[in-house]
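Here is what TrEMBL records for this protein:
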type	residues	note
TRANSMEM	20-40	transmembrane segment
DOMAIN	77-221	domain 'Flavodoxin-like'
BINDING	83-88, 135-138, 170-179, Asp205	FMN binding site
DOMAIN	276-517	domain 'FAD-binding FR-type'
BINDING	Arg295, Thr531, Ser592, Arg593, Lys598, Val599, Tyr600, Val601, Gln602, Asp635	NADP(+) binding site
BINDING	Arg421, Arg451, Tyr452, Tyr453, Ser454, Cys469, Ala470, Val471, Tyr475, Gly485, Val486, Ala487, Thr488, Trp673	FAD binding site
Amino acid sequence: MEDSAMDSTPESAGPEGALFSMTDVFLFSLIIGLLSYWFLFRKKKEEIPEFTKIQPITTSARESSFVEKMKKTSRNIVVFYGSQTGTAEEFANRLSKDAHRYGMRGMAADPEEYDLSDLSRLSEIDNSLAVFCMATYGEGDPTDNAQDFYDWLQETDVDLTGLKFAVFGLGNKTYEHFNAMGKYVDKRLEQLGAQRIFEVGMGDDDGNLEEDFITWREQFWPAVCEHFGVEATGDESSIRQYELVVHTDINMNKVYTGEMGRLKSYESQKPPFDAKNPFLAPVTLNRKLNQAGERHLMHLELDISGSKIRYESGDHVAVYPANDTTLVNQIGEILGADLDTIMSLNNLDEESNKKHPFPCPTTYRTALTYYLDITNPPRTNVLYELAQYATDLGEQEHLRKMASSAAEGKTLYLSWVVEARRNILAILQDVPSLRPPIDHLCELLPRLQARYYSIASSSKVHPHSIHICAVVVEYETKTGRLNRGVATTWLKNKVPSENGHKLTVPMYVRKSQFRLPFKASTPVIMIGPGTGIAPFVGFVQERAWLKQQGKEVGETVLYYGCRHENEDYLYREELSQFHKEGALTQLNVAFSRDQAQKVYVQHLLKRNKEGVWRLIHEGNAHIYVCGDARNMARDVQNAFYEIVAEFGSMTQPQAVDYVKKLMTKGRYSLDVWS
């Protein structure tokens with residue numbers, strides 16, 4: 001009964017019981033939902049995370065402090081260098097080595113590696129002095145490694161009272177902004193309260209930079225002595241900066257074979273690519289441009305596929321060349337050295353940031369081939385250091401005299417070394433008793449520098465290829481020797497083989513200010529004789545491409561010059577085609593030697609002076625000049641002065657000011673070399 005009654009209860013209450021059960025479930029779900037929302041989605045009070053207190057990173061700060069380093073190593077002179085080709089760095093090293101002769105201790109320093117705001121603390125060191133060897137690059141620009149220093153000088157208002165300084169500038173008088181960087185640093189440091197202890201030096205690479213430096217240096221040190229009350233010790237002995245270590249048992253995977261930075265970087269290429277990590281670009285084309293004549297003008301194409309390298313028309317491509325193996329072998333032979341010896345040159349100053357003069361360990365053969373400059377005439381400091389190894393006293397005196405600051409010595413150095421273009425091999429050949437240890441020679445020779453070429457292509461048309469236009473340098477010296485340009489001779493031999501094997505060129509791109517106008521509709525006037533045509537090939541390619549894209553493109557005018565129409569008219573077919581298609585509005589070509597009276601690009605400019613003035617004055621045209629700085633660029637600039645004076649109804653000074661203002665506004669750009 002009870003069992004049956006219990007069984008029957010749910011049945012008798014069927015509908016009511018089912019409703020209660022569903023309501024119960026609903027309420028239960030609602031409560032669960034509300035609780036879930038409360039815990040998961042309500043706006044929480046923002047918690048303030050607890051951070052552990054970060055300790056100041058004193059190590060890296062001290063590492064970037066040249067003052068701390070000087071205190072630690074008992075130095076009182078620091079010589080900063082702004083260097084693009086290595087000369088300013090070389091001069092800085094020479095000045096820092098000089099210091100010991102005056103009872104002082106010097107250190108050469110790359111401003112890129114240190115915090116220059118520390119200049120305000122240099123006076124914490126007794127008898128301290130900061131020297132700046134500053135090269136000017138391009139159109140009055142700082143060198144790459146001095147860019148941050150330059151920016152800091154422009155922005156800072158730091159008080160440099162108590163800082164003693166001196167500046168030596170490296171420039172070239174053929175350029176518009178001669179020694180701009182040296183002058184600026186000298187002026188700005190004084191404005192910030194620093195005390196100049198010796199007048200700024202003005203080195204001129206168009207004249208004799210070495211002599212300018214020596215002349216400044218021989219007056220600089222007496223001024224230092226007088227200011228600090230010190231005297232020369234009279235110690236003129238040679239001091240080695242590096243010690244030789246020969247490796248007899250070393251893993252060859254740890255030996256440098258020509259890399260500029262990271263070991264094995266040429267075997268496993270990794271972007272980004274720059275001066276310390278160049279890209280090995282295969283040469284896909286190497287053709288001779290000129291039809292006849294003694295010179296060899298060439299067009300090369302470098303494949304940059306997969307490198308992620310980007311470039312713009314007007315940029316420069318830097319290539320790292322290699323020295324002629326014949327010259328390298330002759331040096332090894334004359335010195336009786338085993339060029340395949342694996343060695344390292346280690347800095348005796350353990351605190352120095354520069355551990356080796358070039359990548360080590362390596363072989364003498366690799367060093368002389370890829371790392372050292374063996375073709376330029378050596379500077380006087382190299383002759384001075386090498387003189388001790390000449391066993392013939394007459395020859396020793398000859399070398400020492402050329403390295404001296406005496407007028408007779410300077411004249412002898414100029415005629416016997418510079419004008420005769422004697423490189424280190426020629427000197428060893430002409431001074432038979434001079435047989436220095438090869439390791440000391442390698443220590444003294446400057447680094448082989450990258451060579452820069454204006455890119456002769458547009459990335460809009462050739463995104464995976466960079467084109468170079470160059471002339472092979474080859475000339476006979478006064479001693480009857482045949483000297484060849486390192487890079488152009490090396491590039492000439494980079495010819496792709498028929499079996500598809502491509503030779504490579506270590507390269508990177510250096511950005512330039514030589515740029516087409518932002519608006520394609522702006523007219524351009526381009527003046528580029530000889531290989532100065534290079535960037536304009538890229539400019540015209542780009543303007544033609546813009547036209548194809550339907551853009552409004554302004555007048556594109558080219559003034560090109562060469563010696564003979566049938567010999568060295570570069571890119572003749574390409575330029576003719578661009579002119580025919582309208583990408584080139586005007587193609588004006590001066591053949592300087594096809595008639596009795598020489599005709600140059602400046603003559604054609606003056607011939608078309610009315611049209612030139614219209615483009616400049618009414619069309620707001622941008623002017624571009626590329627090529628020789630010493631003569632052509634100056635003559636072209638003078639032609640513009642004449643045109644502006646005549647059609648702008650201005651006096652000569654007003655015309656000069658007008659053209660200078662075009663430069664300031666970026667409407668008159670130069671890409672020139674001397």
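Yeah, the Cβs are placed from backbone N, Cα and C, and that goes for glycine too.
Here the features listed in TrEMBL are placed on the structure.
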| residue | record | Cβ neighbours (10 Å) |
| --- | --- | --- |
| Ser83 | FMN binding site | 24 |
| Gly138 | FMN binding site | 19 |
| Tyr175 | FMN binding site | 24 |
| Phe178 | FMN binding site | 17 |
| Arg295 | NADP(+) binding site | 16 |
| Tyr452 | FAD binding site | 18 |
| Val486 | FAD binding site | 21 |
| Thr488 | FAD binding site | 20 |
| Ser592 | NADP(+) binding site | 17 |
| Tyr600 | NADP(+) binding site | 18 |
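Checked against Ser454 (FAD binding site), the binding-site residues Gly86, Gly138, Asn172, Arg295, Tyr600 differ in C-alpha distance, with Gly138 being the nearest. Counting residue by residue with DSSP, the domain 'Flavodoxin-like' (77-221) contains 65 helix, 35 strand, 45 coil. The candidate set comprises the binding-site residues Asn172, Ser454, Gln602. Of these, Ser454 has the most other Cβ atoms within 10 Å. Distance between Cα atoms for Ser83 (FMN binding site) and Tyr452 (FAD binding site): 15 Å, as a whole number. Sequence-distant neighbours of Lys598 (NADP(+) binding site): residues of the same chain at least 6 apart with a C-beta under 8 Å from its C-beta are Ser592. Here the C-alpha separation of Tyr475 (FAD binding site) and Ala135 (FMN binding site) works out to 28 Å. Cβ environment of Arg421 (FAD binding site): Pro377, Thr477, Lys478, Arg481, Asn483 lie under 8 Å away, each six or more residues apart in the same chain. Tyr600 (NADP(+) binding site) sits 20 Å from Tyr175 (FMN binding site), taking the CA atoms of both as reference points. Ranking the binding-site residues Gly86, Ala135, Phe178, Arg295, Gln602 by the distance of their Cα atoms from the Cα of Thr488 (FAD binding site) places Arg295 first. In this structure, of the binding-site residues Ala135, Ala470, the smallest number of CB atoms within 10 A of the CB marks Ala470. Candidate binding-site residues: Ala135, Gly138, Arg295. Nearest to Tyr452 (FAD binding site) by Cα distance: Gly138. Cβ crowding, taken as the number of other Cβ atoms within 10 Å, peaks at Gly86 among the binding-site residues Gly86, Tyr475.
Using Cα positions, the member of the binding-site residues Arg295, Ala470, Gln602 nearest to Gly138 (FMN binding site) is identified as Ala470. For Phe178 (FMN binding site), the spatially nearest entry among the binding-site residues Arg295, Val486, Gln602 is Gln602, judged by CA separation. Across the residues of the domain 'Flavodoxin-like' (77-221), the predicted structure has a mean pLDDT of 94.
Here the C-alpha separation of Ala135 (FMN binding site) and Ala470 (FAD binding site) works out to 25 Å.
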